[in-house]
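Enquirer: Here it is: the structure, laid out below.
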Amino acid sequence: MSMIRWWSGGGLALSAVLLLAGCGEQGPKEGEDALAVSQALGGDDMEGYARALAPRDFQFPEDHAAHPAYRNEWWYVTGNLDDPEGRRFGFQMTFFRFALSPTPPESESTWATNQGWMAHLAVTDVAGDRHQALERFSRGGAGLAGAELDPFRVWLDDWELKAESGNDFPWRLLAAEGDLALDLRLTPLKDKVFQGDRGLSQKSPEPGNASYYFSMTRLKTKGTLRLGEQDYPVTGLSWMDREWSTSVLGENQVGWDWFSLQLDDGHDVMVYELRLEDGGVDPLSKGLWVEPDSRHQVIPQDAFELEVKQTWISPQGGTYPVAWHLRLPEQDRDLEIRAVREDQEMDLTVRYWEGAVDVFEAGQPAGRGFVEMTAY
Amino acid sequence: MTLLAKALIRDHRKRPWNILFSILGVALGVAIVVAVDIANSSASRAFELSLETVTGRTTHQVLGGPAGLDESLYAQLRRQGFRESAPVVEGHVQARGETFTLLGLEPFAEAPFRDYANGARGEGVSALITDADAVMLSSRTAARLDLEPGDRFTVTIRGREETVTLRSVLETDEPGLDGIMLADIAHAQVLLQRLGRLDRIDLILPDHDTLERLRALLPEGAEVMATKSRNEATLQLSRAFHINLTAMSLLALLVGAFLIYNTMIFSVLRRRRLLATLRMQGMTGAELFRLVMTEALMVGLTGAILGLLAGTLIGQFLLQMVTRTVSDMYFVLTVTELHLTVWGVLKGLLLGIAATLAAALGPAWEAARISPRDALRRSTLERGVGRLMPWLIGVGLILMGLSWLLLQWPGQSLLLGFAALFLLILGYALLIPPALLILARGLASPLASAFGAMGRLSARGVSAGMSRAGPATAALALAVSATIGVGVMVESFRTTVDAWLGQTLQGDVYVSAPGRSGVGINPVLPEAARARLEALETVETVSTARRVHVHSPQGTLEMMAVDPAPRTPESYRYRAGDGSSAWRSLENRDAVLISEPLAWRLSLGLHDTLTLRTDRGLRAFTIVGVVQEYGSDRGLVTVHRALYDRYWDDPGVASLGIYLRDGLPLDTALGPIRAAVADLGSPVLVTSSGEIRELSMDIFDRTFAITHILRLLTVGVAFIGILSALMALQMERSKENAVLRATGVTPRELGGMVTLQSGLLGLAAGILAIPLGLIMSHMLIEVINLRSFGWSMQHQVSLRVLMEGVWLALLAALLAGIYPGLRMARAQPAEHLREE
């Protein structure tokens, strides 16, 4: 679900990457951010790309790999972990693919490609009072980055998400840079769930402004996390989103807030609100309620209520909500959501807030989750 | 002093040409120095800038063996955490008559290194990646080539023509980008036919530990080098060439200094009476000394400023020649800007003024010595000059002795070599006036018998006016000796190279892959070529060669791997070692041949070892021969193909030497050879050895074209000198001439006498220039050339070069004599007598 706002404009994103990284800047400047939005919304030339027009017949393991005919795609893993002493961590590891043109250049060179890749890695250490975010870029050629099967592997340099063998779970997430390293093993506790209409997630009314979207909402996670000199054996739960699209946002949509919550009683909840220019919420906002046995149902926009309880002003100037009240009348649930720490802003080439949250119900801990907020 | 100044100015107004010549002499000398300086520094600066632009913030570079790097090394290094790394593929391409460095980059990895992506206009950087034919130029270069974003144009790469599209232009006027064409790395690999390979990996390494960690990861054939030292080494390539040019320009200034001396002494002599009168009025000798020196300073300053202006113009012209030579010999260079530095301007000014002041010291001293009673005597000075002769001889011999001593100084210093050369020239120049005196006296009788009284008068006139004729002749002789010296050197060099080419090109026809260049991996022939040619009936046997760059602890070296034909060993001239046994060692042992320049530069000799980085790591090779080779001024290592294949993984062959069956005419053989390689997929050059020889000699001649220009400019300075001396001489003698006219000598006879005198001076200068020219050529060959490059050459003195020198001197003198001769002939005797 995440990051669509930026990745609606693939070529745009690349020039932003080259420009900003070239200037040695961390994160976009005010003016450039606005430019990115208007260009993305203005509908870059999408001719030649495949569009998400109708529900598709998902095929596995094929759909674990890349869909280069679509402009954007990601493998998005977030999770909450603890070490044996109860030290609390959140992590995010994402591989983004963006096409620079609909078709690859005709060339014999292994470097030739029309695909760009970006990867984000972030760790929140609650006890250590820190949130660290890293990013990488590469072309999708010469073995530098890509997604492939047999065995399944998505990688950018030495950051990778791969099957231990073949294409099936368990998968491993491996990443290291500087004094940060993770090595996590992901085992699903539930089946894949398909978002929206059998996996077609309509984001704005125009046909094709949609993505193909499925999730693994509950992955048992075990491994090690290195912060500085210290190795922490960790266990916990992760959530993986897989999504690909060519265009999504409509004219008047500015950004969104996305929630993935894993409740202690075995239920999982996803909801997102598409925010409109006028401050309202787009009726295409929706969610998904997943039972412990993987049965699931869509939560339409009028079937949930999200209320901001508290905000935080980032050093970069954005005012982000950091505490919410989520009511699900049909499920008869009343959830309080609170960021484990306020400062989980991803101050990277493309700036957003992505962080671990706690869920409470009637004042008691009821689960954990991850929240993403864009365009603040 | 104001009165005095007025008197002097009035004097100069009366005889403006005198001071004008002085100024012109300084101006020309300074102009040549400045022009060469500008050409040299513009070329160097342009190259530095383009190196800086190409390397950006790179601290280290990983370089491969002869075949470059396997491209997978890059991904490996990235995975090992070397994140500030960028792959580069580069080579040369021609577009619209210019040669460009095609730089293939990975835009995603570029941010830490270079800022090209920042200013891309047009379709931006992503089009560079996604369009298989996209290239990018700086806006300045695009404008120069008359290209707009979206334009398609043709580039030539190793003889192949490819169409590319200018997708984006960089909004920058950085001159370092003037010779650079940018492309995505994938596109560059295809254009340069370098699939699977990289030329280098640029890195930013924060510390020594990281460097060591990297070293441990590299395959045997790869090497990591600090960018700074690599760039410096590249700049060093053409250093000797630039030093030689500078020395030539200084020679012009030296000739200019003689001219200044000449005009200054004349101005002192001419105003002898005025100066003596000033002494009578109470001026001291020191004041007169200062007066002349101040005048010289004004002349020097004016001349130097004019010289700066003229030098800038000449510099533009010289720059083109320098650029061409550097591109022919060392590295591809695009220079679009004149590089004028404050220091360069200052240097020109100071040199001009210093030379003027130094040259004016003698005349000023002369002025200071004038006593009031000298005002009425004319011959004091000439007598003084006569007394000076033994001194000139003494000092001249001492300077020449010093020059000889300097040459004995151990070491290879090129600058010391030039110092010795200049001492020699200066010393010899001091000997010229005495020699002229002897010559003129000796010629008096022969001239008298040939031309009668006028002949005798001419000869006597020269010896009587020695104070003017001496320096003028010295200047002309000096200039002419330089043309002889350099001429003999170039001719010797040319003969040697030509003979070497004749011997080294033992094959009848050569088949090669076009486009060898100093950048990137050199091209190879399609694999099928050899077999097809060997299958031809007309072909007796085939040798192969592959010329590559290899790394060594002493820097990058050129190496040639040769698979010999039976006659190949004969194509080498051994300066050390035995030809027949050498080739057996080359094939079977770890042995190499090195060329003279390499032996000289690295102080290596027979049986020494040379360490090279092979694809199996560092290996030591025994030197089994030192051979003559003129293809590389940095030196060449020759190895047997068998050894090359043992130590390097680079199966390609770049050229084939074809030996035809005996007695087969070349014309009949060329057709089938051309046909055999016509459809190999990539263009192949088929060249007869005769053609190669011609082409090589063309390049040789082009390289020395600038030398010829400098020689002529130097003669130009001397020409002004002799003109001004003759003018002085004739003006000085105007009264005597008037007396002669009054006694019945016709204007024609008088003009003839001036001509004879000019001819005499020219001839003397020409003859006196020969010994100096020969010694100079010897020093150029045995000292300067050896210390610059290490090449040996046969000393080849042709009568033609010597005669050319004499003719040049004679012609210059006669031409210079025309105007004074005409003036004399037209002069009204009464006027001159009335002055008395």
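Backbone N, Cα and C define each Cβ position, glycine as well.
Because TrEMBL annotations are produced automatically, they should be read as predictions rather than curated entries.
Residues or ranges marked as domain 'MacB-like periplasmic core' in TrEMBL: B:21-216, B:473-667. The transmembrane segment annotation in TrEMBL covers B:245-269, B:289-322, B:342-367, B:388-407, B:413-431, B:709-729, B:760-781, B:801-822. Feature annotation from TrEMBL assigns domain 'ABC3 transporter permease C-terminal' to B:247-372, B:712-829.
Quick one: where do these features end up spatially?
Expert: When Cβ-Cβ distances below 8 Å are used as the criterion, the transmembrane segment (B:413-431) is approached by residues 240, 243, 247, 250-251, 254, 258, 392-393, 395-404, 406-407, 474, 477-478, 481, 771-772, 775-776, 779-780, 783-784, 787-788 of the same chain, each at least six residues removed from its ends.
Within its own chain, the transmembrane segment (B:760-781) is flanked in space by residues 407, 417, 420-421, 424-425, 428, 432, 435-436, 439-440, 443, 447, 458-459, 462, 469, 472-474, 476-489, 492-493, 722, 725-726, 793, 795, 797, 802, 805-814, which lie at least six positions past its ends and keep a Cβ under 8 Å from the stretch.
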Enquirer: If you average pLDDT over the domain 'ABC3 transporter permease C-terminal' (B:247-372), what do you get?
Expert: 80
Enquirer: For the transmembrane segment (B:342-367), which partner among B:289-322, B:388-407, B:709-729, B:801-822 gives the most CB pairs under 8 Å?
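Expert: Stretch with maximum Cβ contacts: B:289-322.
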Enquirer: By DSSP, how many residues in the domain 'ABC3 transporter permease C-terminal' (B:247-372) are helix, how many strand, and how many coil?
Expert: 107 helix, 0 strand, 19 coil
Enquirer: For the transmembrane segment (B:709-729) against the transmembrane segment (B:388-407), do we get 3 or more Cβ-Cβ pairs below 8 Å once near-sequence pairs (under 6 apart) are dropped?
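Expert: The answer is no, given that the two segments have fewer than 3 Cβ pairs within the 8 Å cut-off.
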Enquirer: Could you give the number of helix, strand and coil residues in the domain 'ABC3 transporter permease C-terminal' (B:712-829) as assigned by DSSP?
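Expert: The composition, in the requested order, is 101 helix, 0 strand, 17 coil.
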